[in-house]
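Enquirer: Next up is a structure, given as structure tokens.
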Amino acid sequence: MPLSSSKSFERLADEQTYTGYQEQRDILSRIKMSKVGARPQAEMEVARPEPPRFERVTWYKEPHLRKLYAMSLVLMIASATTGYDGMLVNTSQQIHRWEEYFGLDIDDNNKLGVLINMFNIGSIVSFFITPYVADNYGRKNAIIAGCIFMIGGGCLTAFCDGWALYIAGRFLLGFGNSLAQIASPLLLTEICHPQHRGPVTAIYNCLWNLGALLVSSIGWGTAYIDNDWSWRSITLIQIVPSLIQITFIWWLPESPRYLVNKDRNEEALIVLSKYHSGGDIHDAVVQFEFQEIKQTIQMDRDADKATSYLDFLRTKGNRWRLAIIISLGIISQYSGNALFSNYMNTIYEGAGITMQSQKLAMSTGKTILDLIVTIGAALNVDRFGRRPLFLISTSGMVVAFAAWTATGAIYEDSDMTNIQSGYAQLVFIWLFGIFYDIGFSGLLVAYALEILPFHLRAKGMMIMNITVQAVLAVGNQTNKIAWDSFPRHWMFMLFYTCWDVVELIFVYLFYVETKGPTLEEIARIFDGDDAVAHIDLNEIAKELHGDHYEEAHFEAYRHKKGPSARERYYS
């Protein structure tokens, strides 16, 4: 029977039927008759109950949930900031005044690689500090620190007077980005109502495309400014999301899981009740969440689980998690998509598109399409499930990249005179982006957050983020060189086609479905029943309501079975 998130335990007791309680009485009777020391299946069922099914809650009909998700937009800004920063250099390359100012040429592979990589290097340097700040000082404080670094880095790049300061600013942007980009989704997933966790956290990473769209659109307009502000303006605007986030972060609640971990249980219960039940601390869902969070964190303490990166190697379940989060970082950045995001200018030139206005228009159009597809996929993660979306995504990426390779070969073999095949390449690039967006734009962060337990969540997200940045650094430094080194570009495309096939096989073998359970219950998939706190809602109700609890159940049964129910109920 589903449990309503808007019903207290009194109402829950009133709605229980006799059938469920008779079944429990029968189970207990069979356990009593079993031999001493035996472990019958019935006992296992009582000791390890499945998590309750919650009645569906429509977020926009509940004032407290509307408020929660409105405030959550502040956290999602972090993803848009990353998208803006990630596409800034790509857009700047297509602005002539930027190239003239720095003396860069599109064929200067080493300089271009260093410039793109400096953002990633900054993120990698913050590898050790980010989980420490998030776990010990709170998710909100980590976000605030990240915003401060990004504001400083944005100002430095916008007002720089040369190459060195521009590079230094990119480093600060990357350093701050890790703090905000890791802590924001952590806080988002830990304050979400369990029924809305999937779509909300999936939408988070989709807003990367919103940031990319903004920089592409604004850059399209500023490119016509006939001075250095054609690129300085879009560089300075990148601090706006961080300014918004640091201004409004103070009104957001802290993670209840972080609060429980710091023994601030009353504050955690207040946060859960205020935003998940409108202030009712006796709400069934709130009590289930609160007790499960407390017991799961206590289990970690009892097991003396240190928050060490070595924990990922100590159990089979954690090694499985580690393989998945590393693969998420690799697949999301090394499936050929880095060619599109960082070297689109080169690809346009290769396809015969040379006009600045055409390039910027194409980039903007692709970004709009990406945003639409990613949000559409994110809103349906609970309908289709995580695993099917990942499989559709990787399968489509293989097909699209193979088609791009084929059309690229035709175009090059014609000595770049076959214009139709040149434009066909762009069609398959866009198609590749659609399939990529279905799985790895939204679910990249959402899936990683779901499979990681609380005590490893910040560290696991940092590992994934470092994997992303490391793979980007390698790709940014080598992709352009490899692109120019092969006698034909399509030969390099063929490498990624084969690599995408390997990724598809890995996803099929190791990615599991996580739709439905609470964050704590997902541990059952990787670690078995013993890793999950087993919450008995009936016992909680008895503690809350004492002697009135048994009478409430009798009244519910009498209402269904008639006046003679008492004799049958207690027989």
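Heads up, the Cβ atoms here are built off N, Cα and C, so glycines get one too.
These came from TrEMBL, pasted as-is:
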| type | residues | note |
| --- | --- | --- |
| TRANSMEM | 68-92 | transmembrane segment |
| DOMAIN | 71-515 | domain 'Major facilitator superfamily (MFS) profile' |
| TRANSMEM | 112-134 | transmembrane segment |
| TRANSMEM | 141-159 | transmembrane segment |
| TRANSMEM | 200-223 | transmembrane segment |
| TRANSMEM | 229-252 | transmembrane segment |
| TRANSMEM | 388-411 | transmembrane segment |
| TRANSMEM | 423-449 | transmembrane segment |
| TRANSMEM | 461-478 | transmembrane segment |
| TRANSMEM | 490-511 | transmembrane segment |
Enquirer: In the predicted model, what is the mean pLDDT computed over the domain 'Major facilitator superfamily (MFS) profile' (71-515)?
Expert: 86
Enquirer: For the transmembrane segment (68-92), what are the same-chain contacts with Cβ under 8 Å, counting residues 6+ beyond its ends?
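Expert: Apart from its flanks, the transmembrane segment (68-92) reaches 59, 98, 115-116, 119, 143, 146, 150, 173-174, 177, 180-181, 184-185, 187-188, 191-193, 196, 200, 203-216, 219, 231, 234-235, 237-238, 241-242, 244-245, 248-249, 251-252, 275, 341-345, 360, 363, 367, 445.
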Enquirer: What same-chain residues lie close to the transmembrane segment (490-511): Cβ under 8 Å, and 6 or more beyond its ends?
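Expert: Sequence-remote neighbours of the transmembrane segment (490-511) are 320, 323-324, 327, 330-331, 334-336, 339, 386-387, 390-391, 394-395, 397-398, 401-402, 404-406, 408-409, 412, 447, 482-483.
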Enquirer: Is the transmembrane segment (229-252) close to the transmembrane segment (141-159), in the sense of at least 3 CB pairs under 8 angstroms with a sequence gap of 6 or more?
Expert: yes
Enquirer: Test of understanding: applying the rule of at least three C-beta pairs under 8 Å (pairs 6 or more apart in sequence), is the transmembrane segment (200-223) touching the transmembrane segment (423-449)?
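Expert: By the criterion, they touch.
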Enquirer: Looking only at residues six or more beyond either end of the transmembrane segment (229-252), which have a C-beta under 8 A from one in the stretch?
Expert: 71-72, 74-75, 77-78, 80-81, 84-85, 88, 91-92, 95, 97-98, 101, 140, 143-144, 146-148, 150-151, 154-155, 157-159, 173, 176, 180, 184, 187, 191, 211, 214-215, 218-219, 222-223
Enquirer: Taking residues 6+ outside the transmembrane segment (461-478), which of them lie with a CB under 8 Å of any CB in it?
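Expert: For the transmembrane segment (461-478), the far contacts come to 113, 116-117, 120-121, 123-124, 127, 130-131, 174, 178, 181-182, 185-186, 309, 312, 322, 325-326, 328-330, 332-334, 338, 342, 445, 448-449, 452.
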